[in-house]
């Protein structure tokens, strides 16, 4: 079926919009190259601009975008004036060129104040690509790339499941071989029965023996043949999948050079509003990051660029007094090393006004100013919510939200940053972020029955810690590492876990984690090993679990909680869990009377509920299914049971019936489930639960109010169920 005129026009407009953006980026790069560049390059750069504007003018006319064509024509005349020497690249002439470029951007279509990079699907370079290098540019809708990327997690999960299946296949073959040996032994032991059993009965036994033997041998041979072929098949499939994953990953990679160049407009607008003159230099050739990371860096760089112009670069008058050029220089640099990208946002301004920062901290805290003026301490102050060194508030600064936003975004990206400054010479923010934020190498650790993931770039090493290694300094447990005392905390204590007891032996396993210069040794029960983790966000229900970065899919379909190491370091620094490390080297104590029993087959949900309850002061015991919950119930009394509905071995409904049949005083039960239908609620009513909470609507404060009410009064609350 032929496309309609409306469809053809829409296709033309979409194609024109993409082409126009690419052409304007080329023109803008050439214009920035003119400003402060080598005069010998002026002619070639003007020709590049004129070529791009001429192409844009023709495309706009063909697409019926007359306003864009007129704007491109006017800017073309201005550039020709520069080429012929009639227009100077300074003062009003330079402002007119940038104003003309801004006008073309405006008539092309509205856009956000921050650089909008989502529409770019190509890989623009420093200028027009030579035809012999690039014959054709294929544009792919971002939604299609995202859909392909979403499938990479399924590829990894499928590979893990096949590897698990192959291991089980080998185990089954070996067990069948052992069964065959036992069968042969049994046959030999039956042989004497030939003389004592009646002939007919012995004939039946012999027939069964003779039939089973060949069948087992045949099955063993088939399993062995499959087991021999499985490794090669798995290796081939893994190779193909690896190439697919790498191809999709590269498809999502976007260059940082043109992305950073777009911040010239942000710097120019901020400088104009402040009455300053700022030049932007970008050095990021060859650096590429995942599209998802790039999108999350937009606001980071927006705030840092504005911050540099407003707070860093001095006014032209002040710069003249200090012997500096009137125009300040803002530098954006980027490079990639392995799986990490490093960015630098630097200005040649006045540097951090340390006295002003300390004075502002004193005003906010109502006490003495902090003594620590190291770059780490200054960055911690500057990124506090509501912290600003400006007294007046305007559109660009004074609200104290800029660097706080940067810190939160970097934390969500598992990124790091640090501050460098030299008084009178400038300030630099150095950022480190992952090239891709979806797949990571991680270390799996175990605490009791629960497993957790730690991103490998935060893991320094694994050590063994004994009681003799621990030294208490200023009330805090430490162990010596590289000649320096490093804080020691049990991961169970940081997460609010209740363990069944420490592993036997004189030493425990410690994982040394770090972020920048901060280090911590966390005690765990075991380290099963490294894994490739496909991390997915856990949704709004996990706002009460700030230590969790996301969940990684496992081969058995379960979710492995991946912990945020920076948040663990923060919690340890706040003193949570301190003093517990030495005690955790020995057996863990049993929970006190009145504990809450949390039952869920999801480790992530168990940890969420446990953390919420522990933070509210409730002792908690966890169980992974109804059967384990019954065993815990038989060991001690509980003041409340919080359980999932659907679980293996023994589900939540049967567990509630067990609790109701108990001879103990009536114990309230809260059902926390993902099921929202009438049938699930009817089941809950039938078995006598006291409250019904929907996981998708979980809200921490409401849940805790319900828990406190039930544990204080024990009232029957089915009609007032949460969710």
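Even glycines carry a Cβ here, placed using N, Cα and C.
Note that TrEMBL annotation is computational and uncurated.
Here the structure is a predicted model, which means the values were calculated and not measured.
According to TrEMBL, the feature domain 'HPt' maps to 5-111.
Annotated domain 'Histidine kinase' per TrEMBL: 243-437, in sequence order. Confidence across the domain 'Histidine kinase' (243-437), taken as the mean pLDDT and rounded to a whole number, stands at 84.
What TrEMBL lists as domain 'CheW-like' is 439-574.
Shown for the domain 'Response regulatory' (595-710): DSSP residue counts in helix, strand and coil, namely 57 helix, 24 strand, 35 coil. As annotated by TrEMBL, domain 'Response regulatory' applies to 595-710.
Per TrEMBL, phosphohistidine is recorded for 54. Under the DSSP three-state reduction, residue 54 (phosphohistidine) is assigned to helix.
Among the features that TrEMBL reports, 4-aspartylphosphate is placed at 644. Within its own chain, residue 644 (4-aspartylphosphate) has 599, 600, 601, 602, 605, 652, 671, 672, 673 as residues 6 or more apart in sequence whose C-beta sits under 8 angstroms from its own.
For 110-132, the entry in TrEMBL reads region 'Disordered'.
Mapped onto DSSP helix, strand and coil, the domain 'CheW-like' (439-574) counts 25 helix, 77 strand, 34 coil.
The Cβ of residue 54 (phosphohistidine) has 72, 76 as same-chain neighbours under 8 Å, each 6 or more residues away in sequence.
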